[in-house]
Amino acid sequence: MNAQSKREMTNLEPRPSSSQAGGLRPGDEYLRSLNDGRAVYMDGQLVKDVTRHPAFAASARSAARLFDTAADPSLRERMTFVSPSSGNPVLRAYQIPRTHADLKAKRLASETWSEGSFGMIGRTPDHVAGFFTGYAAVPEVFAAGGQQFADNVVGFYEHLRENHLWATYAIVPPQIDRSKPAHKQTDPTLYAGVVKERDDGIVISGAQQLATAGVLSDYLYLSCIHPLQPGDENYAIGVALPMNAPGMKLYPRRSFALQAANSFDYPLSSRFDETDCFVVFKDVFVPWEHVFIYRNTQVCRDQWWRTPSHAYGNLQAQARYATKLRFMMGLAKRMNEMTGNDAHPQVQVQMGEMAAQVQLVESMLEAQETRATIDAKGVVWPCAKSLYAIMALQSEMNPRMIDMIRELTGAAMISLPSSLQDLESPETAGDIERYMRSANSDARSRIALMRMAWDFIGTEFGNRSQQYEKFYGGASFLVKQNMYRSYDFARGTAMVDAALNLPPEL
Ligand SMILES: Cc1cc2nc3c(=O)[nH]c(=O)nc-3n(C[C@H](O)[C@H](O)[C@H](O)COP(=O)(O)OP(=O)(O)OC[C@H]3O[C@@H](n4cnc5c(N)ncnc54)[C@H](O)[C@@H]3O)c2cc1C
């Protein structure tokens with residue numbers, strides 16, 4: 001067993017003790033909190049404890065490391081800021097930026113977290129934290145439905161912030177029949193919506209997709225980002241639910257961690273399978289203080305676009321994507337070095353094209369900060385044009401990058417032994433060591449790299465990851481509409497008009 005997998009087995013990573021954590025939530029405390037009776041179903045069975053189930057245990061440990069990183073005293077400045085209410089260090093993700101430097105600091109904290117999974121975990125706690133921070137920055141949007149809703153959303157944001165909590169979200173209706181609005185489905189309780197109002201709160205039934213990291217989170221935010229129509233008021237809600245809310249069931253997709261025989265052959269699937277959960281609600285009660293939007297299609301829409309929520313959440317998504325692209329370039333470079341193709345001019349041209357795309361993403365990330373604007377209340381809004389430009393291109397750029405890596409590697413990711421055991425069996429080890437090495441490395445190191453590349457590109461984990469890059473921010477036709485709304489067409493049309501009105505020269 002190599003040192004890496006030994007560490008996996010024994011969990012020997014240094015962790016901050018509770019006293020060093022400065023009141024932040026260390027990973028072991030987070031792990032204990034997951035065993036709270038949440039209803040997660042896998043293969044038709046209720047999962048008793050997600051931290052012990054093989055489908056989720058390793059990703060829960062990966063998530064726990066995020067909290068350890070945040071609680072690490074040497075990263076206090078990077079990962080936290082001082083709470084305006086308690087004076088304690090709290091997660092940087094919950095900071096409402098007041099300066100461009102604050103926004104950059106938020107991005108750097110997201111980068112540190114994303115580096116912990118090489119960009120593989122998309123919905124780290126800072127993603128939905130960005131949305132709630134955006135809501136708390138402009139609560140007037142929620143007050144349009146009644147001041148109590150603005151107070152509720154700010155109160156809940158503070159609860160998340162002060163307790164270092166992780167919320168995920170399910171904001172897309174199930175794909176049952178998209179040709180009809182929510183209220184015209186064959187059964188009005190198919191899409192998640194209000195079925196009853198009580199003095200002390202509301203009752204929700206129906207289903208919503210797709211709570212990535214739902215199994216690993218503390219809270220679910222249930223709302224709707226799809227356009228709603230008159231008559232859809234029951235579905236125009238924004239509510240927070242603890243993951244163990246009675247009546248709420250999580251149906252995670254097939255686990256890739258379960259298919260990973262070991263961390264050598266499946267280095268990414270075995271560690272970073274964040275799970276995507278379909279969520280079903282059966283008469284789930286929500287107390288009023290956790291209701292932020294109630295039967296209001298306008299507020300339901302405005303929460304995304306008239307607050308900086310979508311921009312803060314997706315700043316994290318882009319910081320994470322840039323990290324993943326850097327990792328992708330590192331993989332490609334190491335593979336070229338191993339096969340001895342690195343100096344080939346044509347290979348360098350391909351690598352140069354890929355590097356140009358990665359640099360584009362990194363520069364657009366910085367442009368969201370440097371071109372950010374400050375509103376009348378002093379809140380910094382990332383530059384929407386820079387954000388949506390890169391999100392709009394991502395769904396086409398990512399498959400092109402993946403295809404170029406496939407091209408660069410030929411059969412390198414396939415002409416490998418069936419598993420780690422071939423390297424260890426005396427009957428096969430000799431052949432493997434002799435023929436599967438490269439000029440500059442032994443067989444074990446070469447196979448480890450190629451297995452990682454295959455897990456990145458070709459396994460179910462790798463393919464889901466590509467689906468994620470296409471859809472995490474909505475289908476690309478929607479993202480392009482965001483870009484359309486953000487772009488300043490007037491500057492271009494003014495030039496065209498001026499050109500048409502030039503005085504005659506001839
Ligand atoms: C891996 C993964 C993780 C995700 N994580 C989350 C999460 O954490 N939380 C969450 O809420 N959601 C999440 N999502 C869901 C995501 O938000 C949706 O998949 C996304 O919004 C697209 O919606 P849809 O899947 O319903 O696709 P649809 O809206 O059904 O679109 C599918 C395709 O149909 C075509 N199409 C449909 N309507 C039109 C139209 N009007 N005009 C033109 N073409 C059209 C397009 O080709 C489009 O790409 C995740 C999705 C994936 C794949």
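Including glycine, each Cβ sits where the backbone N, Cα and C put it.
What TrEMBL lists as region 'Disordered' is 1-29.
If you look up TrEMBL, you'll see 1-10 marked as compositional bias 'Basic and acidic residues'.
Among the features that TrEMBL reports, domain 'HpaB/PvcC/4-BUDH N-terminal' is placed at 27-293.
Under the three-state DSSP scheme, ARG178 (FAD binding site) falls in the coil class. If you take the C-beta of ARG178 (FAD binding site) and look for same-chain residues 6 or more apart in sequence within under 8 angstroms, you find none. Per TrEMBL, the feature FAD binding site maps to GLN175, ILE176, ASP177, ARG178, THR212.
Residues or ranges marked as domain 'HpaB/PvcC/4-BUDH C-terminal' by TrEMBL: 300-500.
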Neighbour tally for THR212 (FAD binding site), based on other Cβ positions within 10 Å of its Cβ: 24
Rounded mean pLDDT for the residues that make up the domain 'HpaB/PvcC/4-BUDH N-terminal' (27-293): 97
Conformational class of THR212 (FAD binding site) under the three-state DSSP mapping: strand
Site diameter for FAD, Å, by largest Cα distance between GLN175, ILE176, ASP177, ARG178, THR212: 22
Binding-site residues whose CB lies under 6 angstroms from ligand 1, from ILE176, ASP177, THR212: THR212
